[in-house]
Amino acid sequence: MEKMITGEQHKSIWIFNDQNGFILGRITHIEPKAVIVQLNNNNNNQMFVMPNTICQTEEYDKYMNDNNAPIYFDEAALLNNLHRLYQKDQIYVYIGDGLITFNPYKQLLELYSSKTLKRYNENSFGIIPPHVFAIGDKAYRNMCTTKQNQSIVVTGESGAGKTESAKYVLQYLSKSYDACNASIKGRLKNSNLLLEAFGNAKTIHNNNSSRFGEIMEVHFDEEYTIVGGNITYYLFEKTRVCVQSTDEKNFHIFYYLCVDASARIRKSLQLNSPDTYHYLNQDCSQTKQLTKSYPQDTDFKCEQLVSNLELNDTNGFIKYDQIMNDIGISQEDKLNIYSILAGILHLGNINFEDDSESTQNGCKIISTSEQALIMTAQMLHVGVHDLRNVLLERISMMENTIISVPLTVHEAEHVRDKLAKTIYARLFNQLVVYVNTSISFKSSTSHISIIDTIGFENCPINSFEQICINYCDEKIQQIFNEHLVETARLLFQEEGIGLNKIDYIDNQDCINLFEDQITGWFHLLDEESNVTERQSNQSTHDIFHGNPNHSMIPPKLDLPAASIIHHNEVFVVEHYSGNAVYSTSEFIDKNNDILLDSFIIFVRKSKNEFVKNLFDEIFVEQFKDKINYLSVGTKVRSEMTDVINKVKRSVVHFITCIKPNVKMIPNEFQKDQIRSQLKTLGFASILSFIEEVQQKIRKRECRVRKAQIN
Ligand SMILES: Nc1ncnc2c1ncn2[C@@H]1O[C@H](COP(=O)(O)OP(=O)(O)OP(=O)(O)O)[C@@H](O)[C@H]1O
């Protein structure tokens, strides 16, 4: 967009500099092609700048809650405004009709008190300062007046505060509109807490990171009082059960059980310290946690905040045990759940070695793992012999003959981990069933969905899990874009300005790259499931070559020197939020995720009904139906289609969470970190809309004035 320099001399302006972000200065001289600016720094340096690096500012020492209000509204004004608000612990601002939240990294109790909640109850949107409660209130009022379902979509990077925001919306709704049924309020809250214990984990970005996407529906009756809820989830990260990256941990519940369960329970489950389990001690076990417990990518403001954010493994169990009681899980089922968790931990401690007596490169369980084998069998209520067989052999049927093929050490480890992951994922699913039963309702007239999304993930080298997450993120972003266009259209209409072509970052090309019926990545991956990964990777590159939108670019990468990944095993996708490098390693296997028949037979042989029912008939049928079998990629796509359809059928509200670098030296806020998050989240487009509207208004006012003078 063309910059207008209306600045007379001595006017305050922002200039952009790659190193320092936006710096405040004063115009001392305007030349035909450049402007001389004196910087407001200690040395009062002067510099020549090009007009297009200047952002105008008028009242830079004032701040406003509503970002639509400043006279000069550009990136610098926005960032400056956000910075000033943040310094005053004002973590909420509106841009357009959406809410932006900044993680305060500290408890702001008054911000969420009953008094505050009441104020938002009593005032319509926009009358009092921006707040997450106001979004809940807006959705509620909208639902009551339009009788349409509402969706509140919460987006942002990991650790930015999505789950916290979602919880505050839920708190607002349940405290405000649940007068008759106090128990539902408690159950809704407990449902979230319980799923956090089983589905959240410490990552390098967040000590309490949700490892699944969640849609929490809050249902209302014809009087618009809450009657219950329903939770669905997508993309549960089950691989975390077996493998965690450096400085990350397994799901919280494992540590609570090992550290905090009563001595009686731990004895009955034969549990020791987390350090003794392979699935818990890979890099960040309990003992190390005491010194290394805060997110690596965040500089905290002070020591006190570090402790605020620490997750204490030593006071979790009793709380969650009580929540399970409150939700209606019987004592017997609770013990079954603990037994399965212990079984998974013991299973992870089973190790293998080559069997010199095997003629087919088979392996055996090492003698020091025999105890773990016995414990696992005991916890899952299966025979030791059956467990040994399922881990060491692949059984298949061929023309009515049972064939047994011994597994290598690597294959046996793979089977062990797959068994652990599958059982845990089924257990998580069962917990969602419990939770939904506890918040179930007979009938409802409308609902508000709170969608706690999984944000874009970009590691140095990404895997199948990240590509699925990032595909979902693209789909959510597309909804955001569509919403943005609609907002802009209304804004233009309100101002009586003709609608030009709306210029925004359209990510349809990238989505096509995944979804195209013939050349789409999901389809291709399913097609390739019978060929080797190397061939699949080649096909991935073929997509790129045939693809005019260049969303997939060839791998010309500077891979880390120690990387064992070859160039021909990686590809790059240009996401709206940046380029992500993916390694095709294990893509096919992770996409197929076929459960061996022997697994099903094995678990179904358990003498414990709870364990047996984890692999219930519907679930088993899906796996038996080899023809209609859905790959993981196809399931992700269909889950996401459901989410998007739900959102599209409702009125949508956006909450965008930002994670500031809390070092917060002046201007720091305005540097790349926040800029890139805003850009990533699509605000570049909002800014340009608002700027365009304002320019048009200014031009129109000029014309009106001129006409009046004439
Ligand atoms: N409004 C807030 N008030 C106080 N603390 C907050 C707030 N928002 C976020 N935090 C702090 O930041 C942490 C991370 O927030 P949260 O778990 O909501 O992030 P997230 O975006 O959901 O991350 P992920 O995608 O990894 O699940 C919280 O545990 C909390 O300590």
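Placed from the backbone N, Cα and C atoms, the Cβ positions cover glycine too.
Among the ranges 364-386, 410-432, 502-524, 640-662, the one that TrEMBL lists as region 'Actin-binding' is 640-662.
Apart from Gly156, Glu157, Ser158, Gly159, Ala160, Gly161, Lys162, Thr163, the residues listed for ATP, the same chain places the Cβ atoms of Asn103, His205, Asn206, Gly455, Cys657, Lys659 within 8 Å of the centroid of those Cβ atoms. Close contacts with ligand 1, defined as a Cβ under 6 Å from any of its atoms, occur at Ser158, Gly159, Ala160, Thr163 among the binding-site residues Glu157, Ser158, Gly159, Ala160, Thr163. Counting residue by residue with DSSP, the region 'Actin-binding' (640-662) contains 9 helix, 8 strand, 6 coil.
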